[in-house]
Amino acid sequence: MTFHFIFADKEEQRTKKTKNSPSCLGYPVSIFFIVVNEFCERFSYYGMKAVLVLYFKYFIGWDNDLSTTIYHTFVALCYLTPILGAIIADSWLGKFKTIVYLSIVYTIGQVIMAISAIHDITDTNRDGTPDNMTFHTAMSMLGLMLIALGTGGIKPCVAAFGGDQFEEHQEKQRSTFFSIFYLSINAGSLLSTLITPILRAQECGIYSKQSCFPLAFGVPAALMVVALIVFIAGHSMYIMESPKGNILLRVMKCIGFAIKNRFNHRSQQHPKREHWMDWAEEKYDKLLIAQVKMVLKVLFLYIPLPMFWALFDQQGSRWTLQATTMDGNFGAFIIQPDQMQIVNPILIVIMVPIMDSAVYPLIKKCHINFTPLRRMTVGMLLAALAFVAAALLQIQIDQTMPNFPSSSQIQVKFLNLENTSVPVEVEGQEPFAVPGFDSSNDYMTLDTENITVSAGGKNATAYFQKSTRHTVLINTDGMLQTLNDITEKPNQGMNAIRFVNGFRSHLNFTIKSDNLGPIAPLQGSGYLSVPHGKYVANFTIVNEEGQTCHYILQLGFGSSYTVLIPSTFSFGESCTENIKAIQDIEPNGIHMAWQVIQYFLMTCGEVVFSVTGLDFSYAQAPSNMKSVLQAGWLLTVAVGNIIVLIVAEAGSLPDQWAEYVLFASLLVAVSIIFAVMAYFYTYMDPMEIEAKFMDLEPEEKKRKELGMTTKDNLAYVNNETSNNTDDKQTKI
């Protein structure tokens, strides 16, 4: 609905509120308030959205599928509500009041989201975990619904309101304004996608330090407050239009009447008409019916398009979750998984001018008829190729991931606390020996709940629950203790570290303000979560006499270590020589930079598909019904996100790479269908068709209808088709 203001119902002439609007350099001063408002609002939306799926996974505690489902449900709502916003603005409140009222709703939603992420609110026992997750979940769902209503509702109004600020003689300034307007959209998106993941990665809290989701949501909320204040501050300078009725409603009524009339005259005694819309002639004039026919012809081509958006919008969900299992170490910088989304807007800024000034002219020189519909087909195929790249990358990631026990299995490994090798026998397995001060090579997978172990000549039986991992501590006297191991990769790329005290006295282990201890002899500690990245963990080991030893362990992303303090350990300068770090889970081995390939392919597909699709749609639609097509375009985005949530919830594919291949295959199939539809599509000249029907109308009505193609309309359309300043359709 972005271009709704230009193509509102032109059967009524524009009735601007006359005032002497102050200007600066030939531009109305009021537009600067609108541009700043748009920058802050887009920062708020994309900043919150960048960390949303990780909030679901790590704070709320949902699995990948449910996190993906709720994420795409939210995005779908954001693209359904613009229709409601346009109807409210055109038929009831007007653009200014609609923006203000829905921005207030929007701001409240952002504040609620920030409050929902404060774990200390319900953390009564101060252990860092909320005790009433239902409260946080309900608050976040309420906040997201308000945000979806707010951001979607103002989407068709802000750019429209900006266009209303210009007079008829300011065509050039208006064109420049839209370039600046869409630059502010991309600038807000780019900065927020870079900044909010950094804020999320900080640790904050009153009683315990956790990932700072309140700050990551709070800053976007603050920016939305700024956006609202700035917009209201320019109130006295705005040129406002009164509501004049919504063309979308008229189109829907016309279609509804045609269907009803056709149904009422379905018997054979009534002669057939050339087109089913001709059954609306009893109530609507032929010009409107002809315009609706043109719109429906384009909307029919929209039917396959949601599949593209089903893949495109997974950049913020599945691809972000994929990045959590990868290595984000970029030399001196640590890239957060949700920061990888910034690749898309960066590539957009680079790729749009390259495509317009180099690729398309080169194709034209090669005498290839690269029509808009062919471009869109290529864009869909590029998006499918991006998911093939994502699937190949996922296969490589899966090969580096540990094999955790299934629901009917247990996994066991052995840790020898003595300095000599200890023979071990597990019932039903081949005997083996565990080296001194070391562990068995890998986890032993068993299909039983109890095992009998013979170590050092003594037997012991251990009982375990299914789908668990354990480390059995042994020495020459037999089995000593069983430790419970983690059965998934540490969250957010963190590292899980624990200590086993093979020394003969109690020891304390500390890192920064976290303390593990005191740990009794021949006992193990729980896990301590240590930051990710190229991080050097500096542990302090203290005995009962106050002697200290500093032990350094360099960590990556998502690893797990058991640090063994042997019986031969002694304090002093060489205290760390005998300490051994045993790797239970390897760090993430595939670098996040490999995701750039799939982001590049997806961005190329977006540039070819989205920008071309909008250009084609507007060129093929009547001048007063561009808003109807924009509503249809946004609806395809919403339906695409609904497809994702259906697959995420209903799909039963065991591997993520298989889901990527499924989506790629579906898009290829849809691309073939779209190519066939495009082959039989006949390009139209809407103005020529409109002129033909206007020749049949009375002279007075003809002059009225010709108001649809005023100079300001044409100036904006030409600006859009020549500059393609709408760099990112989903940022509108």
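Quick reminder: no glycine exception, Cβ is built from N, Cα and C everywhere.
Caution: TrEMBL annotation is automatic and unverified by curators.
What TrEMBL annotates here:
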| type | residues | note |
| --- | --- | --- |
| COMPBIAS | 710-724 | compositional bias 'Polar residues' |
| REGION | 706-732 | region 'Disordered' |
| TRANSMEM | 43-62 | transmembrane segment |
| TRANSMEM | 68-87 | transmembrane segment |
| TRANSMEM | 99-118 | transmembrane segment |
| TRANSMEM | 138-163 | transmembrane segment |
| TRANSMEM | 175-195 | transmembrane segment |
| TRANSMEM | 215-240 | transmembrane segment |
| TRANSMEM | 294-312 | transmembrane segment |
| TRANSMEM | 342-363 | transmembrane segment |
| TRANSMEM | 375-397 | transmembrane segment |
| TRANSMEM | 596-616 | transmembrane segment |
| TRANSMEM | 628-648 | transmembrane segment |
| TRANSMEM | 660-684 | transmembrane segment |
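Stretch with the largest number of CB pairs closer than 8 A to the transmembrane segment (68-87), among 215-240, 375-397, 596-616, 628-648, 660-684: 628-648. Between the transmembrane segment (43-62) and the transmembrane segment (215-240), three or more CB pairs separated by 6 or more residues in sequence fall under 8 Å, so the two stretches touch. Under the criterion of 3 or more C-beta pairs below 8 Å, with sequence separation of 6 or more, the transmembrane segment (215-240) and the transmembrane segment (660-684) do not qualify as touching, having fewer than 3 such pairs. Count of Cβ pairs under 8 Å against the transmembrane segment (99-118): among 138-163, 175-195, 628-648, 660-684, the largest is for 138-163.
Against the transmembrane segment (375-397), stretch 596-616 shows more Cβ pairs under 8 Å than any other of 596-616, 628-648, 660-684. By the count of Cβ pairs under 8 Å, the stretch nearest in packing to the transmembrane segment (294-312) among 138-163, 175-195, 628-648, 660-684 is 628-648. Here the transmembrane segment (660-684) has Cβ contacts under 8 Å with residues 294, 297, 300-301, 304-305, 307-308, 310-311, 314, 318, 371, 373-374, 376-377, 380-381, 383-385, 387-388, 390-391, 394, 620, 647, 651, 653 of the same chain, all six or more residues outside its ends.
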